[in-house]
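Student: Structure in structure tokens, see below.
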């Protein structure tokens, strides 16, 4: 006997459905056994027989109310059913609920919105019996998809009316269809209604799918209707309930179907898709879990797991199981709140209830087991990166990218999510109690020794002062109590038994307070397990019992664990040592100091070391952290900063190899050690000769020296080179006053030679300035300007100020040297302009390549590095020379230096960008050329000669004007150095902006 459900008009029912809507949908369990027995007599049609051939494709009735109406629909659990049919129904229902996360609602298969609106209109009209058509391959005996598409021509509305009229005659328990035509005419205009409202009407008015199929096929067989009429009546029914994602044609096959506007269902418009969308979940739960093909559509109800023998046939892609587990948990809690309330406390996405063998929880479990087995040994030596959860500077690490000039090489290597565990935490793992088998996470929660934290021990002492008292009366009572037993142990015949009993008494020892009441044992931590234990002797394998064999196996596992931890500690120490050696090498060989912190950070990221770096001039503070124990190890890397272009190139090559995982750390450490121990390319005596050659080459083009001044400058330059390479290197005390003493010696000799024949043959200013050109602070100015550009204010300000003070030292030495010779010779010359300078400018530029080559060789550059250095230096000098020829620019030192530095920066950036070389090494000689040229334009290096003349003159009377001029003359050289520094800095900034307008530099100017 069929069950009927009364309903009102469509308009009124839709309003009631909206009012009675509940946000949490409960899907009750269904008892279909009795209902099937009642309908067994009427299910003899061909369509029912075809339905029986399907395996486990039993339909499920969805009630039109959340509360049970009769005994057929019950909220009781399906496990209480006794019949075999009910058990099959139970498996199917629970299987559907458990497999909800495995359905795919692919976003790229969703059709146009007008189709979805038409589906909603059909749902709202209440035509649950005849507005759906089954897919063509749902029943194998019904024909192919091409036949169905060919038979779909005709008036679909009239077919639907005939089907409804026949259902009214046969099924008396169904609802009255008097308003069928009016509701059907309204169905196409209801597309703009709320989808949730249409879903409620669909859920409240659904009947058993199998019942509809049986009664509809019986009417069609009696009236001998065509196959097209039958397929048209059921296609829309089951495509709303089909659990299989079918591929429908994207457009109607003919013009008649286009006129009818037959909607093609999207995967999100199926019944289960609408139910899932009501729970706040968008789309499907497992996108891309199944594959589709137009040639052959698979019945996924059979493949997903409704048959025991075919439970693993679904083809899955790589999924995010944690996210799917959370979605499945939300669905269960939304649709089955009773079951969700029975979940144990602390259930997470990793611990799902085992609903069926094909549920997503099994997939998560299997994936986690395989992943844990593969990475179990590696995970114990890793800790989370403190940059994510302690320091919180991951989002702020690229703030420097706001400045266009900065190198964005930091973005190439992201900070790792996990870093290598520190040395201290690894040592704690090595010496902790192996029997407890606690993981490394126990270091943050519970103490390894004793099982209690220090806070628990301190709380115990405060809560129970009697137990923490220093006067332990319980020991005295126990001595009296156990005294006879201990005396009995001394009997010769009871030695073994007494020892055993004594150990049992000690293990079962009780503690009492002063009143004699028994109290708990004092909760004191034990450190006896922290000592390393000697391995026990292992007997032969054939004579070992099973229990002893297990102990030996456990002992071997512990030994393997200790070996792994020991190797890990050695590896961590090796990596940390490599980082400090790399830092020392970069500082010693003259790497750009403004990049040291970033390069050290990149190296630590690649090596998975938690390292923090802070640079100060002459010192690098290195901190290696241990996130497990919240400790850090701080090192100070201090070294005398020098300049060695060849070794700097080798260090850069080693650094690049480690960064790009081309060179292992062991081999890189060995190469660094060899590089640090390696001798310089050129001997000190050769460098002294190059000093003299460079001094002679700079004299003509920078300080307007004559041909006679070249050999004199060569000899004086040899003296300066000898003082620097031999005297200063052997005496730390003299190295502090090297600049002053060198300037004194050079000025004294130059004034003595220039005074011959009143300066007719030799130029005093050219000889003095040319000999001091190689010790001018050109490199200090370059590094200081780069640090200021990179917003490293501390180091940049210190270097720039040091360059100014260094220049004042030189000026003071020049004044003192000139005064010393003035006291010796009263006829000493004081002119600062040369009479016999080279007039042809074409000859002056020939000395620039030679001076650049001497600078490169003095700084230990390779011969193959000299060509690019010479080209850049010559181009920069040409710009400075012609800028100085202009009348308006001749007196503006900072502008001429800016033009020269701009040209040098452009060529250096282009060389770095095209040739992938070191821009700083190529630019360094060119910057050295710019500094003497800028100083010579003002002739401020000899500004102290006027003060020297006043010191040696007989007139001791001075005025305020002369005092002011003296003070201005003494500071003139420092002011000139400031102007040159500003011009060089601005020129380098502008050149970087010109070559890298978007700020992206892989091996640009400010990288190595």
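Keep in mind that glycine also has a Cβ here, set from the backbone N, Cα and C atoms.
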Student: Quick one: sort out which of 736-756, 946-966 is the transmembrane segment according to Swiss-Prot.
Tutor: 736-756
Student: For the transmembrane segment (838-858) against the transmembrane segment (800-820), do we get 3 or more Cβ-Cβ pairs below 8 Å once near-sequence pairs (under 6 apart) are dropped?
Tutor: no
Student: Taking residues 6+ outside the transmembrane segment (683-703), which of them lie with a CB under 8 Å of any CB in it?
Tutor: 709-711, 713-718, 720-722, 724-726, 729, 763, 765-767, 769-771, 773-774, 834, 837-838, 843-845, 847-848, 850-851, 854-855, 857-858, 877, 929, 932-933, 936
Student: Applying the under-8 angstroms CB criterion, which one of 707-727, 762-782, 978-998 scores highest with the transmembrane segment (736-756)?
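Tutor: By Cβ pairs under 8 Å, 762-782 leads among 707-727, 762-782, 978-998.
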